[in-house]
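Novice: Encoded as structure tokens, here's the structure I'll be asking about.
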Amino acid sequence: MRHVLRNLLEAEKAGKKQLAVLIDPEKFDPETAKDFLQELPSFTTHIFIGGSTVTSNEMESCVKAIKAETSLPLVLFPGDHQQISNSADALLFLSLLSGRNPEYLIGQQVRSVALLKNSGLEIIPTGYLLIDGGRECAVQRVSATAPLCQQDPEYIVDTALAGKYSGKQLIYLEAGSGAIHPVDPKIISVVKEATQISLIVGGGIRNAQQLEAAWNAGADLVVIGTAFEQGLTL
Ligand code: 1GP
């Protein structure tokens, strides 16, 4: 057991900011795993693996290829109940709290139990909030839910607090992969201040300034996917 959550909380307490690189198995050639990982910043702390429409076979071969080339913790970030691989270390057990689609609040979660109960994966209860990133994203399409408006921070805070009160260990503020506007640092800071919960922030972060801004506003772990797919170096 890698104790992914415990290490994350300890890093937060110690004031160490974390960076997860998101790999979408649908867009990733396992043959390139070694080269891709070599190019990542030395301060990368986690590899997240997942996507909105990934098959279980794609997931498994991607996780195995990455695992062979890195000792970083591998965290599943599943788009549905089939995106589970025992070769990873942990799984974000996501509930889409910003939406009102029961399938993504509890339906997929119940269906995943058959695979999870014998898996040995560390399961991390995570409240997932989709925030408007300026264009329709895959999560929005697949889940058929509307994102939360960045102009209504109070509602975002209340949604995050409802997640905390329900026992979520992490809150993930998601502007959507390839977002035009990442989650505004002002939103990150009001949510952090009000909830004092560990925050993951991702979607549309493309450069060091945006990464720093998210960290400085109160994100404990920032997720970057698309920019690294496109060759970002930090
Ligand atoms: C998406 O938050 C992640 O789930 C990462 O988004 O691909 O825009 O970096 P990007």
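Heads up, the Cβ atoms here are built off N, Cα and C, so glycines get one too.
Any TrEMBL annotation is an automated prediction that lacks curation.
Since we're looking at a predicted model, the values are computed, not measured.
Quick paste from TrEMBL:
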BINDING   D24, S52  Mg(2+) binding site
BINDING   Y172, L173, E174, A175, G176, S177, G178, G203, G204, G225, T226  sn-glycerol 1-phosphate binding site
Novice: List the same-chain residues at least 6 positions away in sequence whose Cβ sits under 8 Å from the Cβ of G178 (sn-glycerol 1-phosphate binding site), in sequence order, or say none.
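Specialist: Those within reach of G178 (sn-glycerol 1-phosphate binding site), by Cβ under 8 Å and sequence separation of 6 or more, are R135, C137, G203, G204, T226.
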Novice: If you run the three-state DSSP split on T226 (sn-glycerol 1-phosphate binding site), which class comes out?
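Specialist: T226 (sn-glycerol 1-phosphate binding site) sits in a helix per DSSP.
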Novice: Among D24, S52, E174, G178, G204, T226, the binding-site residues in the record, which have a C-beta under 6 A from ligand 1?
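Specialist: Only E174, G178, G204, T226 meet the Cβ criterion.
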Novice: Under 8 Å between C-beta atoms and at least six apart in sequence, can you list the same-chain neighbours of G176 (sn-glycerol 1-phosphate binding site), or say none if there are none?
Specialist: L130, G133, R135, E136, C137, A138, V139, Q140, P147, G203, G204
Novice: How long is the line from the C-alpha of Y172 (sn-glycerol 1-phosphate binding site) to the C-alpha of D24 (Mg(2+) binding site), rounded to the nearest angstrom?
Specialist: 17
Novice: Cα-Cα separation of E174 (sn-glycerol 1-phosphate binding site) and D24 (Mg(2+) binding site), in Å?
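Specialist: If we compare the Cα positions of E174 (sn-glycerol 1-phosphate binding site) and D24 (Mg(2+) binding site), the gap is 15 Å.
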Novice: Out of D24, E174, give me whichever of these binding-site residues has the highest number of other Cβ atoms within 10 Å.
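Specialist: It comes out as E174.
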